[in-house]
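J.: Can you keep this structure in mind? I'll have questions shortly.
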Ligand SMILES: C[S@@+](CC[C@H](N)C(=O)[O-])C[C@H]1O[C@@H](n2cnc3c(N)ncnc32)[C@H](O)[C@@H]1O
């Protein structure tokens, strides 16, 4: 009888088949693995149909003897230096190790290679890690390592979306990648050790996350997804994570609590969805719409971690973070719906609703909205305050201010006082502003977080920007994102207060903020070099990038001046700075430049949404309190939010009572 054929990792094998054949594999392993190890030492061992020999994977060494030998060899091998775990920790390793030798070695190799790549270290080679003398089952280890590296970006995303290592930290990122690969595309996993069991337990979540990716990309397999991403990168039209440039978000709906209550609106919207379906029975059969519905359900479920099946299937979903926000299927058209035309709901994205909630003004406060038009956040502030108090809304553009006024009327936000003014020309210390407790600063910005949902990437002039965003995103410098914020991105808002700018620059010199700016800018400059494909961009592209960079710098100067100015309201309790930009220069760097001034005003950074997962880039202490949203992973546009809050009085008292602090001046 011919020997059973070896399992092929390229074609996923049904689990039952894997289990059935596993005992045979165990029986026949030792001979084969040593034979394949020898084969792999041949110089041509790396060539195969899958590019660089990464396609075929022979059976791995997995019997007890081989495992014992492996452990001994691993120990011997690592005795020359500090022991490294597959998760990157040194010595006393508390992480779960996969039971399979191949998995263990592949995870180690993947870790070393990816870490070396991200820190641009040289001297770590795939061959030495997978085909070196200490490696067991070389060919299998080499093949698995290649495959995991090829799919590493996708595997990382799956891990993140399925919260695999987040929920099982002992698994470690690289073991998770290798085991998930084998589960989803390779040979399947057997319920052996804790690592394998953890990945198997997460299988439904991993598969759900994978389905969402397939739907978003319009593909049916991991191979197609990878191919599509690679093509996208080559054409320069890809987004930072290699998905299609356009992303589909739920239809976010803010319920205007001044005019409606959540239950009524939810009921009416649910009826609307049902009646639309009844009126258009053909649409039920429409594949596109079906896909949209499924995508919405899955995206919302993943995003909000709503595990209950019933909630996942709900079509009008209450947002987990913002109490007045609802999610409907993407593409739901509500523009003519009476709830919208009568101002009971506002069509506003989740990210755009976060700044007003971050400020969370109390009823009775006086609040300044510095750059307010067309007033989405202004009317939200009024609703949060229950129309009790005053919202002073400034904008320098008369047409946009007219829209703000009509929006205020529509939404019944009677506590708004709209004023046509250049915010920088106001005197925050004037007596009329003594009552101001809250400030919202949502200044003009590049709108770089919104280009994909605006579909601008389809226009030739915007392809370049998409590419620039892709470069920066590929380096992990920015988080790609989106929102329809376009009209307020004109670069006309150059700083008008030279005094303010001069002051800021001086402070930057004093408190190392220039270093932050430079580090951030350097990261952005470095970003393109990380992708060899992008290095081949034409000079024209670089020229346009330079124009865009100059525009961003000009906007950043205005933003810094505006933030500095906003911090001058003497009796501030809270201040929110927000942009729909993904650029460090307009976000973290602006905040870093204002930290000292904020401290002098008795304000400090605070975390407006402790449960939110995405944070500012870690460029200075406290940046973990900053909030970012990501268009690809958070189901909403790319935004940046910083909350400054008055330091609690205890801190002041503690500072005074701290004997060490007191001694300092005396010592001098
Ligand atoms: C990002 S938009 C504001 C969007 C608004 N917060 C909302 O949610 O609807 C920025 C606004 O700032 C205004 N603006 C720019 N420079 C200004 C300045 N110096 N003083 C006042 N408003 C300014 C622009 O006219 C634009 O309407």
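Including glycine, each Cβ sits where the backbone N, Cα and C put it.
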J.: For the S-adenosyl-L-methionine site that TrEMBL lists with 371, 372, 373, 374, 375, 376, 377, 422, 442, give the additional residue from the candidates 336, 395.
T.: 395
J.: According to TrEMBL, which stretch among 485-514, 515-544, 545-574, 575-604 corresponds to the feature region 'Disordered'?
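T.: That would be 485-514, the stretch labelled region 'Disordered' in TrEMBL.
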J.: Write down the single range among 274-312, 625-663 that appears in TrEMBL as region 'Disordered'.
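T.: From TrEMBL, the annotated region 'Disordered' range turns out to be 274-312.
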J.: Using all protein chains in view, find how many other C-beta atoms are within 10 Å of the C-beta of residue 580 (active site, nucleophile).
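T.: The Cβ of residue 580 (active site, nucleophile) has 30 Cβ neighbours within 10 Å.
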J.: Where ligand 1 binds, which of the recorded positions 371, 373, 375, 422, 580 are close by, with Cβ under 6 Å?
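T.: If the test is a Cβ under 6 Å from any atom of ligand 1, the answer is 371, 373, 375, 422.
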J.: Which of the three DSSP-derived classes (helix, strand, coil) applies to residue 375 (S-adenosyl-L-methionine binding site)?
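T.: For residue 375 (S-adenosyl-L-methionine binding site) - judged by DSSP and reduced to three states - the answer is coil.
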J.: Where residue 422 (S-adenosyl-L-methionine binding site) and residue 580 (active site, nucleophile) are concerned, what is their Cα separation in Å, rounded?
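T.: For residue 422 (S-adenosyl-L-methionine binding site) versus residue 580 (active site, nucleophile), the Cα atoms are 21 Å apart.
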J.: Measuring Cα to Cα across 371, 372, 373, 374, 375, 376, 377, 395, 422, 442, which the record gives as the S-adenosyl-L-methionine binders, how far apart are the two most distant ones in Å?
T.: 19
J.: About how far apart, in whole Å, are the alpha carbons (Cα) of residue 371 (S-adenosyl-L-methionine binding site) and residue 580 (active site, nucleophile)?
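T.: Here the two Cα atoms lie 13 Å apart.
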J.: Measuring Cα to Cα, how many Å separate residue 580 (active site, nucleophile) from residue 377 (S-adenosyl-L-methionine binding site)?
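T.: Between the alpha carbons of residue 580 (active site, nucleophile) and residue 377 (S-adenosyl-L-methionine binding site) there are 13 Å.
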